[in-house]
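J.: Found this in TrEMBL, in case it helps:
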{"type": "ACT_SITE", "residues": "Glu219", "note": "active site, proton donor/acceptor"}
{"type": "BINDING", "residues": "His155, Asp162, His222", "note": "Zn(2+) binding site"}
{"type": "SIGNAL", "residues": "1-17", "note": "signal peptide"}
{"type": "SITE", "residues": "Arg128", "note": "site 'Transition state stabilizer'"}
Amino acid sequence: MIRSIFFLFLTATFLFACKENQNKDKKPKGGSQKMVVTSDSVTQKKTLPLKSLRSFKGLADTTFIRLAEFSDEFAYDLRYATKNNFLKEKVYDCAECYTRVKTAKALLAANTDFRDKGVRIKFFDCYRPNSVQYKMWEIVPNPQYVANPKKGSIHNKGGAVDITLETLDGEALDMGTDFDYFGKRAYHDMTNLPQHILDNRKLLKQTMEKHGFWSIRTEWWHYNLGAASNDEVADFKWPCD
Ligand SMILES: [Zn+2]
C-alpha cells in the first residue's frame, strides 16, 4: 500500500514537472506572464531558425512577411487576438504580426536604435486584414474609434503598427495610458504629464520618425510608414495552426 502511494506520488511529480517544462518552453525570453498568453502563437514558432535579412533580397517591398521569422528581438502583446481591447472581443483567430517588407525593414532598423538604448518595440497590432476591419466596424461603427473599412486604414495596407516600448527584461515603459485609450491623455500634444512619460513618448516618436514613420495626433501608439500610404488595402489572412 505504502509502495503504491509512493509510486502515485512519483508519477504525479513527474507529470507536473513535464507540464511546467512545457509552459517554460512557451515563455519568451524576458517576457512577462501576460505576454505568454497574448502572444502565444508568435512566440511558439520562435524555435524555428531565423531568416537572414538577406532573404529580403528576393522579395518585393510590398510582399507580406511574418516579422518573427526575421527577428526575435521584438516583443508582442497582440491585443485583438484577445478580449483585452476596447472592442472587448477577439477579432483575430490567432496572434500574429505581419507587415509588408518595407515596413519590416524600417521596424528592424528602428528596433536596433531602441535596443542600443536598452529598450525594444512591443507590438499591440500590425497588419490587419480588411475583413477584420469590417468585423471591428460591426462592433463599433464609429469613425472616431475605428477606420471605415470601405476606405480601409493603413493597418489594412500593412504599413501601420501599434506599438510601445519595454526594457530588454520585459518591463513596459510608462506611456501615460494603456493602448487604445481614447482620450486627451493619449494625445501627442498633451504636455501636462509627468516628465518621464513625456520622455518615453519622445524617444518612441523621434526614433520612429527617423525611420520614416509618422504619427497621428490622438494616439501615442500608432505609427504609419510614410512610404505605405499609396499601397492597396489587403485582405491576406495569415495561417493559424
Ligand atoms: Zn493603429
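Here, residue 1 is simply the first one shown, and the rest follow in order.
Cβ coordinates are placed from backbone N, Cα and C, and glycine is handled just like the others.
Please treat TrEMBL annotations as automatic predictions, because they have not gone through curation.
Could you give the neighbours, burial and distances for every feature on this list?
T.: Taken residue by residue with DSSP, Glu219 (active site, proton donor/acceptor) is part of a strand. Cβ neighbours of Glu219 (active site, proton donor/acceptor) (same chain, under 8 Å, six or more residues apart in sequence): Asp162, Ala186.
Under the DSSP three-state reduction, Asp162 (Zn(2+) binding site) is assigned to strand.
The Cβ neighbour count for Arg128 (site 'Transition state stabilizer'), using a 10 Å radius and every protein chain shown, is 27. Classification of Arg128 (site 'Transition state stabilizer') by DSSP places it in coil, neither helical nor stranded.
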J.: With an 8 Å cut-off on Cβ-Cβ distance and a minimum sequence separation of at least 6, pull the same-chain contacts of His155 (Zn(2+) binding site), or say none.
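T.: Set apart from His155 (Zn(2+) binding site) by at least 6 residues yet with Cβ under 8 Å, we have Asp125, Cys126, Tyr127, Arg128, Gln133, Ala147, Asp162.
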J.: For the Zn(2+) site given as His155, Asp162, His222, which other residues of the same chain have their Cβ within 8 Å of the site's Cβ centre?
T.: Phe124, Asp125, Arg128, Ser153, Ile154, Ala160, Val161, Glu219, Trp221, Tyr223, Asn224
J.: Relative to the Cβ position of Asp162 (Zn(2+) binding site), how many further Cβ atoms are located within 10 Å?
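T.: Total other Cβ atoms inside 10 Å, all chains included: 22.
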J.: Checking proximity to ligand 1 here: which recorded positions out of Arg128, Asp162, His222 have their Cβ closer than 6 Å to it?
T.: Asp162, His222
J.: List, in sequence order, the same-chain residues at least six positions removed whose CB sits under 8 Å from that of His222 (Zn(2+) binding site)?
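T.: Spatial neighbours, sequence-distant, of His222 (Zn(2+) binding site): Ala160, Val161, Asp162, Ser215, Ile216.
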